Structures are given as C-alpha cells and as structure tokens.
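Participant: So that we are looking at the same thing, I have put the structure below in structure tokens.
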Amino acid sequence: MQRITILGATGSIGESTLDVVRRHPDRYSVHALSAHRQVDKLAAACVEFRPARAVVGSAEAARELEAKLRAAGVPTEVSYGETALESIAEDAGTDAVMAAIVGAAGLRSSLAAARAGKRVLLANKESLVMSGGIFMDAVREHGATLLPIDSEHNAIFQCLPTSDPRYGAGVSKVLLTASGGPFRTRDPSTLHDITPDQACAHPKWVMGRKISVDSATMMNKGLEVIEAHWLFGAPAEKIEVLIHPQSIVHSMVAYADGSVLAQLGNPDMRTPIAYGMAYPERIDSGVTPLDLTVAGGLHFETPDLERFPCLGLAFDALRAGGVAPAVLNAANEVAVEAFLNGKIRFTDIARVVATVLEQPADGSADTLEGVLAADSAARRGAQAQLGSLAGR
C-alpha cells in the first residue's frame, strides 16, 4: 500500500489524482491533503479518503475545515500555513508526494519533499523553472525519486531509455508538443481585445484559469522548455516546440539514427498521473483508450513567435540562465493575475514580462534565498509596470 500526499488537492491535477486513487483502493491510501482556500472541496475529499492530515492557507480556513470535519466525525488533523505545508510534504507517514500547487507558491513544499527523499510526482513546473539546479541537487543528494507529471515531460520520460532518462544516449533532440491554445489561428492584430473568459476556453484540456491563460500565451510551453532542460539535461538548442492541435502526441524524442519515438493518448491528465503513481508498472487510469481510426490526421507546425512572444521570452530566459527563469515566472504570474482581474490587456502580459526581464536582476540562483529574492524583486518590478498599462 503506497501512502500518498497531495499538495493542491482541490485543483484539476489534485482531483484527477484522487480519481486514480479511488480506482485503486488496494494500492493507494491518502496520508495528507492540502488546499489554499477551497474548504468545501477539501472537506469532501477528507470525508471520502480519511487522510491523517490536512493543510489550508489560513487560520480562518482551518477553523472552517475543522468544524466541517468535526460535524462529519472525521478525525483528520488540520493545520495551516507554509510551515505546515512543508511538514506534510516531508512527513514520515507518506511515501509519495503529488506536488500540484500552481506557481511559485508550490516551490518550498515541493523542495521539502525532495529533501526528505520522497517519491516526488512533480506537476509544479515552477519548482524547476525557478530553482532547477537547487531542486535537482536535492533529488540527487537525498535519494528522492523524481517523476514528471506534466503530460509533455511524462511523455518524454517514457520515450527516453529507461536506464538513463536524460539527454544523451543517442538523443539528438527533445520535441515538446503544444496545442496552440484557443488563439492558434486568430489574427495577431485582434489579440488586444481578448477577454479572460476567451483565454480560459482551452480547446482540448480542462485546466485552472492561470494555466489556461499561460496556454493561450504559450508561456506554459515556455516554462515547460525550461523544465525539460532541468529534467533531462537538454540544452536550449536541442529543445524544439511543435504546435500539434489534436493534442494526441504528447511529446517526442528524436534519436541520432533518425528514429523518433512518441507517446500518444487521449488528452486526459489521469494518464501521466497514473503512470507516475505506478511507475515502473502501469495501471488503469480511467482514460478512454486512444482509437487511431477516430483520431484522424495528426498535424504539426512551427509556433509563430509574433503571435506567441512569451515562448520566445522563455527561451531567452533559459539561455540567460541564473535567476532569469525565476524572474520570467514571477513577472508572468503578476501579469496573468492582473489580466484575469481585468487590469491589463491580454497582449500586455508579454510586455510586462519583457520589460521586467530587461531590468537588472537581484538575487542568486545558487541558494533558495537568492531565488526568492529575485522572485520578490521581479514581482515588484511587474507591479510597477501595471499602472502604466491599466485602462489601455
């Protein structure tokens, strides 16, 4: 019986993970769950799965959750805050940690799981974008097992040699696929007027609002490029992005002999989640098997960087190295939140990120404190840009 902790249990990844657990009660039990503010969803999960511990973001949310669980007769221990979140990530009572908190907020707890030598199922790409060197060092030094859950990186992991899932061993290129989001064919001159609801209407995947906007700008793919660099040791020039509107081929690996290995499947995050949970075995994920006779043609195209400037900015940050990826991520988080709140235009997201990247960066990528200093400085810089863009 594998005991699992889910960080970000009420998000789309967390709920999909619980669905896989639900299908295999003989293999998995839930040790701990966390959510930031969705108390009702977390309470329902605690009633069903009876975790030993649950963590929320605030004292008020903790009181509300405790009351609900007490009324339901559920003895789950409730706590709140960043320290409590790190505590459940490194808890001796858990074997595997699903790191599914979105954004920089998930960095410390994901890193805590790695430093505790856990089996880390990494859906929080920002952990590697912000502090890739620190994170990978922690995995090696503490004997953690790192399994990528993003569908693209999970696909690459499956296509690389199992004896050494890193760049090398005859690998010539890593090919990340992208759906292109909802604006793949839209005239770039009209993107100025995109609304948050339009940006969040992804044609293939069901995701939260922040990652949906990142998909629409292709910043999500840019962050995944940086993540792939750290996960697989591939240099920027050996990572290629291809738009694949059908979202059937989740990524590919090209080899020196001319072979290209691809992982295919219906677009459902339960597939990579189940793969990570059961690795090296495979289990039923609940996903409908792919029928290639129904899927039809598979099409690929090169991204248009005029339409998707955020993708180019991510490659720039990767090549710059140091804290540039952390700066990129922080500025993007601020800009996307502002867009979702109606404070700036869709096209302003890339403008904010580009402007902040051009500024001298504070902090060092050698320590977590340095990375967090760069993150804070970049957020201040991005906030400073918002005023000049508001109302445009």
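Cβ from N, Cα, C; glycine included.
Straight out of Swiss-Prot:
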type	residues	note
BINDING	T10, G11, S12, I13, R37, Q38, N124, E126, G208	NADPH binding site
BINDING	K125, S151, E152, S179, H202, S215, N220, K221, E224	1-deoxy-D-xylulose 5-phosphate binding site
BINDING	D150, E152, E224	Mn(2+) binding site
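I would like each feature placed in context: is it buried or exposed, what are its neighbours, and how far apart are things?
Facilitator: Sequence-distant neighbours of T10 (NADPH binding site) (same chain, six or more apart, CB under 8 Å from its CB) are A35, Q38, K41, L42, A45, listed in sequence order.
Less than 8 angstroms from the CB of E152 (1-deoxy-D-xylulose 5-phosphate binding site) sit L176, T177, E224, A228, H250, S251, each of them six or more residues away in the same chain.
Its Cβ placed at the centre, D150 (Mn(2+) binding site) has 25 other Cβ atoms within 10 Å.
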Participant: Which of N124, N220 has the fewest nearby Cβ atoms, counting only those within 10 Å, among these binding-site residues?
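Facilitator: Relative to the other binding-site residues in N124, N220, N220 has the fewest Cβ atoms within 10 Å.
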Participant: Counting every protein chain present, what is the number of Cβ atoms, excluding its own, within 10 Å of the Cβ of E224 (1-deoxy-D-xylulose 5-phosphate binding site)?
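Facilitator: A count of 28.
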Participant: Where the distance is taken from Cα to Cα, which of the binding-site residues S12, R37, D150 turns out closest to H202 (1-deoxy-D-xylulose 5-phosphate binding site)?
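Facilitator: Closest candidate to H202 (1-deoxy-D-xylulose 5-phosphate binding site), judged by Cα separation, is S12.
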Participant: Name the residues of the same chain, 6+ apart in sequence, whose Cβ is under 8 Å from the Cβ of R37 (NADPH binding site)?
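Facilitator: R37 (NADPH binding site) has long-range Cβ partners V56, G57, S58, A61.
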Participant: For each of K125, H202, count the other CB atoms within 10 A of its CB; which of these binding-site residues has the top count?
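Facilitator: In terms of Cβ crowding, the pick is K125.
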Participant: When you average the Cβ positions of D150, E152, E224 for the Mn(2+) site, which other residues in that chain have a Cβ within 8 Å of that mean position?
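Facilitator: Going along the sequence, the neighbours appear as K125, P148, S151, H153, N154, L176, N220, K221, E227, A228, S251.
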